[in-house]
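Listed features, source TrEMBL:
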DOMAIN    4-151  domain 'NADPH-dependent FMN reductase-like'
Amino acid sequence: MSKKIVAIVGSLRKDSFNRQLAMKAKEITESEAEFEILDISDIPLFNQDIEYPAPEAVKRVRDKVKAADGVWIFTPEYNHYFPGVLKNLIDWLSRPISSEEGQVLGNKKIALSGITPGMSGTALSQDHLVVLLSFLDAKIMNVPRLTIPHAMNLLKDGKLELGNSEKYLIRQKDAFLKFLD
Ligand code: FNR
């Protein structure tokens, strides 16, 4: 049976490089596995006062993550960290669904990618995600991770063209599909 991958993009920006990268990952993956980019734009700020019952948007995303074999995160880097929208979502996902069911990230297989106009290619942001996700007992594919720097050099008519970096995206896709087996 075909594996299910859900992608989470840590940027809400319409022309986000990371969203464009996720769309390219979808293009190269979907003949081999289901691949859905989750909409996280309506996830509210975490607040324990509204935790139970979980807001609809949280339920929707949580159910998709729960049903997925793997989660592929595409993260920007903000101040050498991952953006607050990702921390907020992960805080929601880290909470037990009910007293019978645990949280959905435990044992979940995760791939990490990121792209930035800066030099680090989001390596620092990804390192912080590894710390957080390890605490939640997610199973992170540490090799390969994909870090793409100098995104401005990859723009053609305002759109991302990976050129030589596409082979690294394909390598990560192949490795993640193996990791999910
Ligand atoms: C940034 N950016 C940035 N880039 C980087 O490589 N290292 C960094 O530490 C930061 N810090 C940072 C902080 C804040 C608050 C913003 C808004 C931006 C630049 C960032 O990589 C750039 O805006 C990307 O385009 C964001 O990713 P998306 O939205 O294109 O996916």
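Cβ atoms are placed via backbone N, Cα and C, with glycine included.
Looking just at the domain 'NADPH-dependent FMN reductase-like' (4-151), the mean pLDDT is 97. Applying DSSP to the domain 'NADPH-dependent FMN reductase-like' (4-151) sorts its residues as follows: 52 helix, 29 strand, 67 coil.
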